[in-house]
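Colleague: One structure is given below, represented as structure tokens, and several questions about it will come after.
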Amino acid sequence: MLLLTTPPAAFCLSTDFYAQTCPRALTAVRAVVRGAVTKDRRMAASLIRLQFHDCFVRGCDASVLLDNTTTTVSEKGAVPNRRFTKTFRVIEDAKSTLERICPGVVSCADIIAVAARDASASVEGPSWDVELGRRDSDDLNTLIALFRKKGLNSREMVALSGAHTLGTAQCLAFRDRVYGNVTVDFARKKRRMCPASGGDRLVQPLDPVTPTSFDNNYFKALMIRKGLLVTDQVLFSGGETDGVVDEYSKDEGKFKNEFAAAMVKMGSIEVMTGSDGQIRRTCSKAN
């Protein structure tokens with residue numbers, strides 16, 4: 001029964017998956033990520049968030065990177081993914097480097113997972129051991145699921161939401177929040193930056209204090225009702241996750257440790273391994 005109930009990924013993913021076939025893989029990805037973050041510190045937030053967008057559709061299979069074809073509409077063009085144009089380029093740069101070093105070996109799905117970890121570490125965020133061996137999808141099923149359907153509990157959901165300690169959101173994403181039931185001071189300031197109509201692409205930081213540093217100020221903002229998105233503030237609104245937000249707001253170390261653990265767990269969602277899927281030669285196209 002154990003073999004029937006244990007996820008296959010537990011047997012196939014490993015931190016040293018490329019030790020023999022591409023020993024320079026992790027170093028190469030790290031160099032590309034550090035270069036990109038050095039040029040634009042905001043890239044760290046995008047690379048972390050890209051793993052969320054990949055894993056929460058079909059699974060961690062790099063389907064978010066695929067271009068449209070004559071027969072299939074890609075999730076790459078979905079509204080939430082349109083802001084990742086530069087981020088996709090970083091992943092492609094890393095893939096191109098790896099194809100020169102060890103062609104046809106490292107999957108795009110693994111590159112996304114490693115890049116998220118390296119992006120976090122590059123802005124003083126936590127690091128973690130990334131389990132490797134994912135395969136890339138060769139089709140585009142886009143069944144969006146909730147956290148709980150992906151095996152992530154409410155505490156892990158809050159920890160992962162802490163990725164919003166970095167980066168910005170467009171007015172289109174937070175307009176409902178700032179024109180809804182919010183504190184007067186918060187509403188006044190944000191409405192100046194986001195009109196009731198128009199200005200959809202104007203941006204505001206998700207963490208109002210340190211938007212380019214990986215810390216726990218995001219949770220401190222939630223505690224004083226200054227979460228930018230509705231989905232941010234709902235984490236501290238009288239519900240079961242209030243206690244977790246309170247813990248993280250007081251203990252940055254605990255947040256970082258649990259964020260790293262949740263990222264490892266998220267990175268194992270519905271992965272393909274072994275002979276399933278493929279190793280794409282170019283991340284934006286199936287072989």
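Quick reminder: no glycine exception, Cβ is built from N, Cα and C everywhere.
According to TrEMBL, the record shows the following:
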DOMAIN    12-287  domain 'Plant heme peroxidase family profile'
DISULFID  CYS22-CYS102  disulfide bond
SITE      ARG49  site 'Transition state stabilizer'
ACT_SITE  HIS53  active site, proton acceptor
BINDING   ASP54, VAL57, GLY59, ASP61, SER63, GLU75  Ca(2+) 1 binding site
DISULFID  CYS55-CYS60  disulfide bond
DISULFID  CYS108-CYS283  disulfide bond
BINDING   HIS164  heme b binding site
BINDING   THR165, ASP207, THR210, ASP215  Ca(2+) 2 binding site
DISULFID  CYS171-CYS194  disulfide bond
Colleague: Among the disulfide-bonded residues CYS102, CYS108, CYS283, whose Cβ has the fewest other Cβ atoms within 10 Å?
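Modeller: If we count Cβ atoms within 10 Å for the disulfide-bonded residues CYS102, CYS108, CYS283, the smallest count is at CYS102.
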Colleague: Roughly how many angstrom lie between the C-alpha atoms of THR210 (Ca(2+) 2 binding site) and CYS102 (disulfide bond)?
Modeller: 39
Colleague: Mean pLDDT for the domain 'Plant heme peroxidase family profile' (12-287), rounded to an integer?
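Modeller: On average, pLDDT over the domain 'Plant heme peroxidase family profile' (12-287) sits at 86.
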Colleague: Around the recorded Ca(2+) 2 site, report the further residues of that chain (criterion: Cβ within 8 Å of the mean position of the Cβ atoms of THR165, ASP207, THR210, ASP215; site residues excluded), sequence-ordered.
Modeller: LEU166, VAL209, PRO211, THR212, SER213, PHE214, ASN216, ASN217, TYR218
Colleague: Return the single residue from the disulfide-bonded residues list (CYS55, CYS60, CYS171, CYS194) that has the minimum number of other CB atoms within 10 Å.
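Modeller: CYS171, out of the disulfide-bonded residues CYS55, CYS60, CYS171, CYS194, has the fewest neighbouring Cβ atoms within 10 Å.
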Colleague: Quick one: pull the CA-CA distance for ASP215 (Ca(2+) 2 binding site) versus CYS22 (disulfide bond), whole Å only.
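Modeller: The separation of the Cα atoms works out to 33 Å.
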Colleague: Quiz question: given the binding-site residues ASP54, ASP215, which has the greatest number of C-beta atoms lying within 10 angstroms of its own C-beta?
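Modeller: Per the Cβ count, the most surrounded site is ASP54.
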Colleague: If we check Cα distances from CYS194 (disulfide bond), which of the recorded positions CYS55, GLY59, ASP207 wins as closest?
Modeller: ASP207
Colleague: Within a 10 Å radius around the Cβ, which one of these recorded positions has the most neighbouring Cβ atoms: ARG49, HIS53, HIS164?
Modeller: HIS164
Colleague: Quick one: which of these recorded positions, ASP61, SER63, CYS102, CYS108, CYS283, have their CA within 10 A of CYS55 (disulfide bond)?
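Modeller: Taking ASP61, SER63, CYS102, CYS108, CYS283 one by one, the ones whose Cα falls within 10 Å of CYS55 (disulfide bond) are ASP61, SER63.
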Colleague: What residue among the binding-site residues ASP61, ASP207 has the most other CB atoms lying within 10 A of its CB?
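Modeller: Comparing the binding-site residues ASP61, ASP207, the most crowded Cβ belongs to ASP61.
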Colleague: Between the Cα atoms of GLY59 (Ca(2+) 1 binding site) and CYS102 (disulfide bond), what distance do you get, rounded to the nearest Å?
Modeller: 25
Colleague: Could you give the Cα-Cα distance between the residue listed as 'heme b binding site' and ASP207 (Ca(2+) 2 binding site), in whole Å?
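Modeller: Counting only the Cα atoms, the answer is 7 Å.
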